[in-house]
Amino acid sequence: MYVVSTKQMLNNAQRGGYAVPAFNIHNLETMQVVVETAANLHAPVIIAGTPGTFTHAGTENLLALVSAMAKQYHHPLAIHLDHHTKFDDIAQKVRSGVRSVMIDASHLPFAQNISRVKEVVDFCHRFDVSVEAELGQLGGQEDDVQVNEADALYTNPAQAREFAEATGIDSLAVAIGTAHGMYASAPALDFSRLENIRQWVNLPLVLHGASGLSTKDIQQTIKLGICKINVATELKNAFSQALKNYLTEHPEATDPRDYLQSAKSAMRDVVSKVIADCGCEGRA
């Protein structure tokens, strides 16, 4: 079986001291690049999609594509709901076959966050679906979820344990200074906070907002317990910039099968680098 849960992937990463990259998919070409590159490098990867991505592609279509490509490349893949907020939406996609979910209720007060997440966990675990949740809030925008930088909140280590125990989640997304989108300047990550969270919580930890982070910072977070690295903006930017450059230089181009090759090449470089930074090559 090639379409798998993220739970075993992340538990393996936690034991092995590496991270599994979760790449947000926006079109067929992104999927092709991620899966082909991961298969060539024998690296575990997670195919992630926001609510907007699932609406754009269609849940059944996306599930069928992931399954077909996993079989084609004989490579295990996980498909993951990223930053989903509505119980009914999550339930519908789980019933369709999704086996990994991020319920994002981080905008709610602590007690309400726990209540919302536990409702999703109780439902998802009936279907053997792994659940990620976030404590603290990242600045920036991901799909329809937008948080002003001034309102971003860091994860409280002591609350993290209470949150994990009360909800029964399988992995915890932490806020330590990253943000969604690309960075105008290098962020100051709170490694001490991450180390404290690791001491309080024994779950696989997740880092959102990794686009544009240095190799050094990514690898330091992995040493301190991060087992899943999310990448979205870096792929979109590589695709868009390469495509713009190609069409500017070749205004006569009309065949997408030709002019999308430059965009795929640019994304391939990003995927290869992220896999190397995560230390997961050869781990699939």
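All positions are counted from 1 along the displayed chain.
Any Cβ shown, glycine's included, is placed from N, Cα and C.
Owing to the predicted nature of the structure, the values given are computational and were not obtained by experimental measurement.
What Swiss-Prot says about this protein:
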type: ACT_SITE; residues: Asp82; note: active site, proton donor
type: BINDING; residues: His83, His180, His208; note: Zn(2+) binding site
type: BINDING; residues: Gly181, Gly209, Ala210, Ser211, Asn230, Val231, Ala232, Thr233; note: dihydroxyacetone phosphate binding site
Checklist line | Candidate nearest His83 (Zn(2+) binding site) in space, where candidates are the binding-site residues Ser211, Ala232, Thr233 and distance is Cα-Cα | finding: Ala232
Checklist line | Cβ-based isolation winner (fewest other Cβ atoms within 10 Å) among the binding-site residues Ser211, Asn230, Thr233 | finding: Thr233
Checklist line | Rounded inter-Cα distance in Å - Asp82 (active site, proton donor), Ala232 (dihydroxyacetone phosphate binding site) | finding: 11
